[in-house]
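Feature list (source: TrEMBL):
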- 2-375: domain 'Amino acid transporter transmembrane' (DOMAIN)
- 20-43: transmembrane segment (TRANSMEM)
- 76-95: transmembrane segment (TRANSMEM)
- 115-132: transmembrane segment (TRANSMEM)
- 144-166: transmembrane segment (TRANSMEM)
- 178-198: transmembrane segment (TRANSMEM)
- 210-233: transmembrane segment (TRANSMEM)
- 253-281: transmembrane segment (TRANSMEM)
- 293-312: transmembrane segment (TRANSMEM)
- 318-339: transmembrane segment (TRANSMEM)
- 359-379: transmembrane segment (TRANSMEM)
Amino acid sequence: LQGIFVLGLPYALLHSGYSGLLLIVLAAALCCYTGKILIACLYEENEDGQLIRVRDTYEDIANACCKKLSPNLGGIVVNVTQVVELIMTCILYLVVSGNLLSHSFPYVPVTEKTWSVIAFVTLLPCIFIRTLKIVSRLSQLCSLVHFVIILVVITYCLTQMHQWSWAKFRLSLEFEDFLVSVGVIIFSYTSQIFLPTLEGNMKNPGEFRCMLNWTHFFACILKTTFALTAFLTWGEKTKEVITDNLPSFLETLVNLCLLTKALLSYPLPFFAATEIVYSCISKSSYSNYRSPLLALAVRGSFLLLTLLMAMFTPHFALLMGLSGSVTGAAMTFLLPSLFHLKLKWKKLSFLEKCADISVFILGFLCSLAGIVCSIKGLLEVFG
């Protein structure tokens, strides 16, 4: 639930004001709810009224909902959406890496794009990752580094409390900037694509709902505290990546830690995306799925794609807002509520149906508006 994208939250508050604080809390509550209904779609009642897990993945849920139209249509839509979201995440890690390196070594005559290429070179060994075991170890290191970074930034901000002023919050908002902020906040919470696998590997799946409640609660507290303290410290001077606001004696140290976290985080979405592609290829009878050369070619292509996208779209907040609006909103709000209504309609109460419909409508409106505004912002940057 936590990630390097939390660095964009203070910038989101800059463009959303007091409503941004409410959005952080509301997004946590909605994401927790959609996580629960998504997992509920994995289960069906048997003749004795007991819940039995009859599906294993997000793809299985989608196929069950669309089986009357086409047996594999839903799975294809979900897989494409998942791959896009995962690839966009990888791209953002490269964009952030280039930004961090350029600000850590401003005296080196190298552009931010060149720094992204240098970071990309260090990620080439990802081509040879074949198991989740290595990825999980890297993710553990990421979590440790992440909390150290957040602690350092919050501690520094607390030393500047004498400069804090609630007057820094905007009362009048630019609607388009506000919608981009919505996408940023949504993307900082997206985790639904991993939940079916996570729940299936728990020792006691019955504790999943409790786990989801507590993790979203603590994530909300941490994100709100971080975003609020950082914004109160820098106000209108808040930058897209908050570490750019730190004084030089801290900026380089924190940026190098963030760089380490970004590079260690990259293998997880990269591995997940390639595994989805491999799973799809393995279902086609005409493909030699086990070919080592094919595996290297696919991973190499994915690596190159992320580099090219990072080179042409080096704008952290706008790219994150676009990702959150397109894939994040779909996987987090639209599809879980739609699938839950489809599979559980006869067993849902009136209030549960209203809740699902409301989440779907809200997700659709946010996604549509966020897409338009984020693309407009990117066009203006390149214009």
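Quick reminder: no glycine exception, Cβ is built from N, Cα and C everywhere.
Between the transmembrane segment (76-95) and the transmembrane segment (293-312) there are at least 3 Cβ pairs closer than 8 Å, counting only pairs 6 or more residues apart in sequence, which means the two stretches are in contact.
Counting Cβ pairs under 8 Å that are 6 or more residues apart, the transmembrane segment (253-281) and the transmembrane segment (115-132) reach 3 or more and are in contact.
Across 20-43, 115-132, 144-166, the stretch most heavily in contact with the transmembrane segment (178-198), judged by Cβ pairs under 8 Å, is 20-43.
Sequence-distant contacts of the transmembrane segment (20-43) (same chain, six or more residues past either end, CB-CB distance under 8 Å): 9, 12-13, 51-56, 58, 60-61, 64, 181-182, 185-186, 188-192, 195-196, 199-200, 208-209, 212-213, 216-217, 219-220, 223-224, 227-228, 332-333, 336-337, 339-340, 343-344, 355-356, 359, 362. Residues 94-95, 97-99, 101-102, 259, 262-263, 266-267, 270-271, 295-296, 299-300, 303, 306-307, 310-311, 314 of the same chain sit 6 or more residues outside the transmembrane segment (115-132) yet have a Cβ under 8 Å from a Cβ within it.
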